[in-house]
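**Student:** As listed in TrEMBL for this protein:
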DOMAIN    12-320  domain 'Plant heme peroxidase family profile'
DISULFID  Cys22-Cys102  disulfide bond
ACT_SITE  His53  active site, proton acceptor
BINDING   Asp54, Val57, Gly59, Asp61, Ser63, Glu75  Ca(2+) 1 binding site
DISULFID  Cys55-Cys60  disulfide bond
BINDING   Pro150  substrate binding site
BINDING   His180  heme b binding site
BINDING   Thr181, Asp225  Ca(2+) 2 binding site
DISULFID  Cys187-Cys212  disulfide bond
Amino acid sequence: MVSLMACFANAQLSPNFYASSCPNLQLIVRNAMREAINRELRLGASILRLFFHDCFVNGCDASILLDDTATFTGEKNAGPNQNSARGFDVIDTIKTRVEAACTGTVSCADILALAARDGVVLLGGPTWAVPLGRRDARTASQSAANSQIPSPFSSLSTLISNFAAKGLNARDMTALSGGHTIGFAQCFTFRSRIYNDTNIAPMFAANRRGVCPASGGDSNLAPLDIQSPNRFGNTYYQNLVSQRGLLHSDQELFNGGSQDALVRLYSTNPTAFSNDFAAAMAWTMRKDKAMKQGIYDRLVALEKNETLYAKVCKLCEESSKAVVSRELFQTQGEHVALLEEFKAFKSNPELGKMMKIGWRASIRASGVPLSSKLFSRHDAWCISSSTTILTTNLP
């Protein structure tokens with residue numbers, strides 16, 4: 001099945017999408033982000049949060065940037081964003097510079113995605129390839145922003161469900177939460193934690209109460225990571241292990257639940273955290289729920305059609321250089337078109353049987369398709385029997 005996914009590559013979205021039409025794009029974005037962070041370190045975290053809130057509502061389409069008008073209600077004034085989301089002026093500045101270099105070429109969605117990545121890198125975090133070529137939203141949903149963006153008051157089960165609804169698993173959720181290693185939170189988001197929660201270090205709670213009174217001071221700020229709010233690293237997880245998570249939702253990741261072991265790993269292994277964070281960020285841009293569910297449904301249907309499934313497998317086997325990566329999931333329409341093309345190829349029942357075993361094992365084990373761990377034996381078989389090149393950074 002891993003080989004099968006190699007056939008779903010899409011030339012439309014690619015890190016090199018603007019290589020010819022706007023060759024200096026990434027340099028323009030990086031330089032502008034460097035200027036912004038040099039001016040205010042907090043902006044790296046602000047842009048990352050802006051991007052995250054954008055992606056959680058109908059995908060990474062820049063809908064969060066749309067202003068309200070007399071006839072249109074955007075997402076800027078939704079509860080999670082109002083008087084909170086910031087960095088819009090940075091994106092405006094970058095857009096102006098990009099337009100000067102490449103008029104009418106680069107989407108705001110791509111600019112925001114690049115800016116979020118560069119903000120993390122400039123603060124010492126990992127990098128990742130940003131797939132480019134998305135179109136900007138023409139609509140927005142304030143109601144979806146209010147209901148779908150994770151709350152700082154959420155329980156672990158709610159957080160897992162929120163991320164699962166976007167096609168992200170619990171490990172992705174825990175890794176992406178590490179974005180809270182940079183930035184600040186307003187008093188109203190952590191007041192109930194420091195006054196009411198019991199799974200909190202007493203001295204830490206007392207110190208936070210000094211900036212966040214029991215009433216009033218709602219907009220007073222405190223660092224999400226008490227150790228290094230302006231440096232991207234794994235200290236966020238160290239704070240959780242010592243019960244110094246600022247938000248209730250943060251400490252839920254380490255509170256006797258399913259993510260405790262992973263939090264401990266990240267707290268002592270910064271490389272593991274950086275790798276998982278980068279992988280999850282790259283995958284976030286692919287994980288529109290409707291897109292993922294549509295492809296998932298079609299793959300299940302394909303798996304049940306033994307004849308066509310075998311033909312697809314034959315196509316993958318004959319590919320001279322098929323590269324499997326997180327970037328292979330694309331739109332439903334293109335997927336359907338590819339399935340039509342597959343019908344022209346001859347069957348290979350033996351290969352099809354092997355792939356079917358892996359696919360069914362994946363569904364039985366976790367319900368998450370294409371788990372690299374579940375497919376390790378299958379990957380080895382494919383590598384030894386075909387020219388397919390496999391990368392195992394799949395969820």
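Just so you know, glycine gets a Cβ as well, placed from its N, Cα and C.
Model, not experiment: these values are computed from the prediction.
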**Student:** Are there binding-site residues among Glu75, Pro150, His180, Thr181, Asp225 that sit within 10 Å of Cys60 (disulfide bond), Cα to Cα? If so, list them; otherwise say none.
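**Tutor:** Hits: none.
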**Student:** If you compare CA-to-CA distances from Gly59 (Ca(2+) 1 binding site) to each of the recorded positions Cys22, His53, Cys102, Thr181, Asp225, which comes out shortest?
**Tutor:** His53
**Student:** Filter the recorded positions Cys22, Cys102, Pro150, His180, Cys187, Asp225 down to those whose C-alpha lies within 10 angstroms of the C-alpha of the residue listed as 'active site, proton acceptor'; answer none if the list is empty.
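**Tutor:** Cα within 10 Å of the residue listed as 'active site, proton acceptor': Pro150.
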**Student:** Please report the Cα separation of Thr181 (Ca(2+) 2 binding site) and Asp61 (Ca(2+) 1 binding site) in Å, rounded to an integer.
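**Tutor:** Between the Cα atoms of Thr181 (Ca(2+) 2 binding site) and Asp61 (Ca(2+) 1 binding site), the distance comes to 25 Å.
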**Student:** When you rank Cys22, Cys55, His180, Cys187, Asp225 by Cα distance to Asp61 (Ca(2+) 1 binding site), which of the recorded positions ends up on top as the closest?
**Tutor:** Cys55
**Student:** What's the CA-CA gap between the residue listed as 'heme b binding site' and Asp225 (Ca(2+) 2 binding site) in angstrom, rounded?
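**Tutor:** Pair distance, Cα basis, whole Å: 7 Å.
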**Student:** If one measures from the C-alpha of the residue listed as 'substrate binding site' to the C-alpha of Val57 (Ca(2+) 1 binding site), what distance in angstrom results, rounded to a whole number?
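**Tutor:** Between the alpha carbons of the residue listed as 'substrate binding site' and Val57 (Ca(2+) 1 binding site) there are 11 Å.
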**Student:** Using Cβ-Cβ distances, find the residues under 8 Å from Cys22 (disulfide bond) that belong to the same chain and are at least 6 apart in sequence, listing them in sequence order.
**Tutor:** Val98, Ala101, Cys102, Thr105, Val106
**Student:** Check each residue in the chain of Asp225 (Ca(2+) 2 binding site) that is at least six apart in sequence and keep those whose C-beta is under 8 Å from its C-beta; list them in sequence order.
**Tutor:** His180, Thr181, Ile182, Thr235, Tyr236, Asn239, Leu246
**Student:** Name the residue among the disulfide-bonded residues Cys55, Cys60, Cys187 whose Cβ has the smallest number of other Cβ atoms within 10 Å.
**Tutor:** Cys187
**Student:** Can you list the residues of the same chain, besides Asp54, Val57, Gly59, Asp61, Ser63, Glu75, whose Cβ falls within 8 Å of the Ca(2+) 1 site's Cβ centroid?
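**Tutor:** Close Cβ neighbours, site residues excluded: His53, Cys55, Phe56, Asn58, Cys60, Ala62, Ile64, Ala137, Ala140, Ser141, Ala145.
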**Student:** Report, in whole Å, the straight Cα-to-Cα distance of Cys212 (disulfide bond) from Glu75 (Ca(2+) 1 binding site).
**Tutor:** 27
**Student:** Calculate the distance in Å between the alpha carbons (Cα) of Cys55 (disulfide bond) and Ser63 (Ca(2+) 1 binding site), and round it to a whole number.
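**Tutor:** Cys55 (disulfide bond) to Ser63 (Ca(2+) 1 binding site), Cα-Cα distance: 9 Å.
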**Student:** How many other Cβ atoms are found within 10 Å of the Cβ atom of Gly59 (Ca(2+) 1 binding site), counting all protein chains shown?
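**Tutor:** The answer is 21.
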